[in-house]
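Participant: The structure follows.
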Amino acid sequence: MKRLRAWILPILVLILFALIPFTASFYYQQIFFYIFLFAGVGFAWNLVGGYAGQLSLGHAAFFGIGAYAYALLAPHIGTGPAVLAAAVLSTVSAAPIGLICFRLRGPYFALATIAVAQLLLVLATNQFKGLTQGAAGLLVQGMVPDPSLYYWVALGFMVVAFAVTALLATSKTGYYLMAIREDEDTAQTVTINTPLYKLYALLVSALLTGVGGSIFAANLGTIQPNDVFSAAISNQVVFLAILGGAGTLYGPLVGAFILEFASDWLKNSVANVTWLGDANAFAFFLYGLLIVLVVMYMPAGIVGTVAKWRKGRAAHVHAQRTTAGV
Amino acid sequence: MHNRRPARMLATLTLAGLFALAGCGTSGSGASGGSGNTGGGSAGSGDNTLTLGVITSITGADSEFGKAQKEGYEVALDEINAAGGILGKQVKLVYLDDKSSAQEAAKDVDQLVSQYHAQIILGPYSSGSALAVVKKADTYKIPDIVPTATAANVTQTGSKYVFRLCATSDDYAKAICELLKQQGDAKTMAIVHEDQNFGTSADKAMVNYAKQYGFEVVDDESYSTKDLDYKAMLQRVKQKHPDVIYFASYSKDAVALMKQAQEIDLNAKYFTAAGTGFSVGTFPQDAGPAAEYTLAAGQWDPSAKWPGAKEFYDKVHAKFGDYPSYHDMEAYAALYVAKEAIEQAGAYDGQKIRDALASLQMETAFGPVHFDSTGQNAHPVIVTQIQNGKFVTVFPSDAATGKLLPTPPWSQRK
């Protein structure tokens, strides 16, 4: 019964999401497109960065590989197989990246992931110009016949990414990953094959991120290395997961929601307040301030903090009841 | 796992978001400007303003050029409104920032169409954003006037809704080669370009034209505008002793490149450039003596023969205190082209405006405007040289306002 009740709210939320296209303008549908897309990629990142505690700052690597795999293959093998190919290629590429980066721990791992993404950005811009057209950009074939359908594609992607992470996180693997996050050495001594499980999390994460990249490319219709391999993409995914709550199930969605609407609001409202002078720069400042405040005062993210707070209150109420009973 | 409680909070947040959304969706608020939100599309609503949408780079790497464009649009807007507006309506401009990113630029098109019922798009600034905007405008079947993006592929997407005012990176390369051929004393060339869409296109064009004109390309270097120390790269160029160096650079990098060329004593008979950073009004001040003698292919100069050119320069300077370059002028002309097309169409309707643009013939302060079947305006390119801190047009001869001066080695300059 309790298990059943836990499902009611997610389903209600999903129904609400499904109603949005009937009430919102195409612009807001596109905003939701990016919320769902980046929430999906955020869920994927969460497996590695949240549950396993391996701070990847280079998820743009998989995002970009997925985007380019789709863009280059779709005209030849069709859109469906191209998405599959994007998934396979980003997963395959994650194996060597994981083997290299997971030799390092903590900040060194984080730095290595930045380096890999940056390396791919430079390669796609300069070395593989014949293939990627470099910064001149590639035109990308659409995935669906009507642009408004991308809303559903992104929603579907997010639901799948959520389901995969939810299943993994509540399984034995999820607990192994959390054990690695809490204390990798202890996890190893209790015979958890830590390199294997970390790699496993990264492969699943890369697969989902690659699919996200292909959806991004198809929706935009054109890509250049800077759009998909840039640190901006990596950072956005990390920020939204940390803002919402790294290592919580719903964190990335809440984070994506807030970041996208904050960015939209700042661009359109604050940016036009003339007395602020260069108000657009001020908008960026506010955006940065939000992130700093959350990291300083809510290190568990919004979902994590609220959950902790409610748990604390419940315990408090419980304690009051017991003392009253005495 | 304590799933339930976060789930409840998530639902609350979603509901709050949906309410906010309902507010945004219906009132069309949330973007710049208060009145005239329902502007353009709602003909016959009694509203006497026409709202036109502009996409440019107000923040990010290209913000300097976005600012220049905004100044051009503002001057044109004042003039047009003073003369009675468009179709008898006063014009309002909505500027949307693309944050110098293609993803944001595409979203801006959605916003202009959804919230402002845009039937024509002006902008964006950069070539990278232009490609995304052109793709989007094509799906809505509304025309896009591209004022400044020079990369060749902007008009090669197959869209019938793109109209580019400026000459392309091909035209830049060709003009420089023509000038060098006329001079007759250059044989070898090095190309130094930034690695994004603009620089890559300019590089490709020059490699192509250098071959046609018989110049040997002895070095081809690319760099990121994010670095500002180019000495190692310039040393490599120096070792090849090219007669000509062709730069394709944005603003800060152009200044750094010339200052560092002076520092390492890199000499060439001709320092040439694909306009842009070498053509902005502040370049002679920022680079100081290092800017002297540099040649830049460009689109326009205040000394141009077309009526209104000098007046525009003075107006921008009086209103904003800046020295306008062709980036300002292209935006200025773009709004006039939009005005002419909308008036010829007789209605604020995307398809009719597109058809009007396709057959447009008009004179502007930027020169005559007529778009070919790919949407490209045949705009003549000029070459300017910086002499005593001022831009002097030196090529072609019928537009020249001064003579080309030979570039002395750094050691012989005062």
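Using the three backbone atoms N, Cα and C, a Cβ is placed for every residue, glycine included.
Here's the feature list from TrEMBL:
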{"type": "TRANSMEM", "residues": "A:7-25", "note": "transmembrane segment"}
{"type": "TRANSMEM", "residues": "A:31-48", "note": "transmembrane segment"}
{"type": "TRANSMEM", "residues": "A:60-77", "note": "transmembrane segment"}
{"type": "TRANSMEM", "residues": "A:83-102", "note": "transmembrane segment"}
{"type": "TRANSMEM", "residues": "A:109-129", "note": "transmembrane segment"}
{"type": "TRANSMEM", "residues": "A:149-169", "note": "transmembrane segment"}
{"type": "TRANSMEM", "residues": "A:237-259", "note": "transmembrane segment"}
{"type": "TRANSMEM", "residues": "A:279-303", "note": "transmembrane segment"}
Participant: Does the transmembrane segment (A:279-303) come close to the transmembrane segment (A:109-129), meaning at least 3 CB pairs under 8 Å for residues 6 or more apart?
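Facilitator: Counting Cβ pairs under 8 Å (6 or more apart in sequence), the transmembrane segment (A:109-129) does not reach the transmembrane segment (A:279-303), since there are fewer than 3.
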Participant: Compare A:7-25, A:83-102, A:237-259 by their Cβ pairs under 8 Å to the transmembrane segment (A:31-48) and return the stretch that comes out on top.
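Facilitator: The stretch with the most contacts is A:237-259.
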Participant: Under an 8 Å Cβ to Cβ limit, what residues of the same chain, 6 or more beyond the ends of the transmembrane segment (A:237-259), are close to it?
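Facilitator: Residues 34-36, 38-39, 41-43, 45-46, 49-51, 53, 55-57, 59-60, 63, 158, 162, 165-166, 169, 178, 181, 290-291, 294-295, 300-305, 307 contact the transmembrane segment (A:237-259) from elsewhere in the chain.
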Participant: Can you name the far-off residues of the same chain, 6+ from the ends of the transmembrane segment (A:83-102), with a Cβ under 8 Å from a Cβ of it?
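Facilitator: Same-chain contacts beyond the flanks: 54, 56, 61-62, 65-67, 69-70, 73, 77, 109, 112-113, 116, 143, 195, 198-199, 202-203, 205-207, 209-211, 213-215.
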